[in-house]
Amino acid sequence: MPRCPAGAMDEGPVDLRTRPKGTPGAALPLRKRPLRPASPEPATTRSPAGPLDALRSGCDVPVVPGPPHCVARPEALYYQGPLMPIYSTPTMAPHFPLLNLPTHPYSMICPMEHPLSADIAMATRVDEDGDTPLHIAVVQNNIAAVYRILSLFKLGSREVDVHNNLRQTPLHLAVITTLPDMVRLLVTAGASPMALDRHGQTAIHLACEHRSPSCLQALLDSATSGSVDLEVRNYEGLTALHVAVNTGCQEAVLLLLERGADIDAVDIKSGRSPLIHAVENNSLNMVQLLLLHGANVNAQMYSGSSALHSASGRGLLPLVRTLVRSGADSGLKNCHNDTPLMVARSRRVIDILRGKASRAASGSQPEPSPDQSATNSPESSSRLSSNGLQSSPSSSPSLSPPKDAPGFPATPQNFFLPTTSTPAFLPFPGVLRGPGRPVPPSPAPGSS
């Protein structure tokens with residue numbers, strides 16, 4: 001009875017009748033197959049006449065001994081079949097034909113992988129997050145490792161803009177971590193400043209979002225001419241200038257304007273200009289900076305509203321005053337036929353839009369009303385004092401009306417009669433006595 005081969009009991013129940021014959025590990029890939037152990041040399045040396053003597057009967061050609069069997073050779077890593085003599089050059093081949101020898105389907109000597117190819121494969125290998133060694137070296141600010149990996153990328157003709165699972169390139173990570181030297185190195189090596197992340201933002205958007213004017217300067221200086229487009233919108237419809245205005249980074253705004261960014265560019269969703277974004281963020285310094293560089297103060301969004309509409313509706317008094325002084329049109333109508341004066345809710349904003357508060361802010365006194373000028377004249381004050389009336393409410397502080405709040409028009413002064421004195425009639429008929437009704441003329445003496 002044939003014995004069970006060694007190791008068969010460890011492989012589980014199998015049908016020995018249908019099991020193919022083969023060496024252990026034959027089902028594994030070539031690179032994972034175990035190496036063949038070298039067997040010891042036989043005790044008896046082989047005679048010069050080998051197994052080919054039967055093929056060479058009657059041949060006078062001397063026998064060329066081949067290499068011994070079971071010698072460790074490179075092909076042993078890939079081929080598990082029987083070993084045969086190898087003739088590397090034609091001069092070492094025998095002078096007789098080798099008959100009845102099977103031809104191997106592939107070469108027995110496989111070329112070994114070059115160490116440089118292994119380094120390139122290791123440099124471009126990704127982990128479970130999609131990060132390559134270049135991503136990790138950039139985040140760790142390892143300049144030497146980045147130089148080495150970039151040289152391997154160049155030798156292997158690989159792209160520097162490799163995206164991880166978050167659609168971030170090594171350049172994006174360098175900008176996020178605020179590494180201007182790393183940004184300059186990557187852009188010089190061929191990284192594109194226009195590569196988009198998962199939010200549609202370029203490296204320029206990210207530099208403005210993270211308030212990094214140094215990285216923005218490195219991007220704009222290292223990029224080749226024509227490779228940077230400052231009017232690219234992200235998935236929110238914002239340009240890099242919109243992002244810089246929203247984050248309040250004035251240095252980034254100045255850099256973008258110096259490089260030719262459109263100061264009146266509108267976002268795609270609402271049509272707001274950078275000036276309207278600055279007004280809605282209540283950023284007075286940013287509004288003044290944009291107006292100083294020529295922003296259109298009357299630019300309208302898709303709804304027809306301007307920056308003055310936004311400032312008036314929100315009651316932003318300093319911004320309303322700045323926009324009005326810069327030439328904003330207070331009569332401009334939006335799609336609902338509303339002017340900034342109509343959407344304003346604050347009385348002080350209304351006064352600024354009507355032009356009244358501008359004179360009060362300059363230090364000039366408001367013009368007196370006709371009734372107040374008549375009552376404040378010396379002639380009227382003498383007549384009032386002769387009839388027992390108070391010439392001014394300042395003589396009785398307890399009865400004086402409260403003062404007006406700053407910015408509101410002054411209320412006309414009223415004259416009050418003393419509560420203890422008897423009301424005296426004025427010498428001429430029809431004269432007003434304070435806020436009351438006109439006094440009827442007194443009847444003439446002797447009249448019925």
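Here, residue 1 is simply the first one shown, and the rest follow in order.
Each Cβ is built from the backbone N, Cα and C atoms, and glycine gets one as well.
What Swiss-Prot records for this protein:
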- 361-376: compositional bias 'Polar residues' (COMPBIAS)
- 377-398: compositional bias 'Low complexity' (COMPBIAS)
- 411-423: compositional bias 'Polar residues' (COMPBIAS)
- 425-436: compositional bias 'Low complexity' (COMPBIAS)
- 437-448: compositional bias 'Pro residues' (COMPBIAS)
- 129-161: repeat 'ANK 1' (REPEAT)
- 303-332: repeat 'ANK 6' (REPEAT)
- 333-362: repeat 'ANK 7' (REPEAT)
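Distant neighbours of the repeat 'ANK 1' (129-161): 116, 119-120, 122-123, 168-171, 173-174, 177, 179, 181-182, 185-186, 189-192, 195; these residues of the same chain sit at least 6 beyond its ends, with a Cβ under 8 Å from one of its Cβ atoms. Across the repeat 'ANK 6' (303-332), DSSP classifies residues as 17 helix, 0 strand, 13 coil. Break the repeat 'ANK 1' (129-161) down by DSSP state and the numbers are 20 helix, 0 strand, 13 coil.
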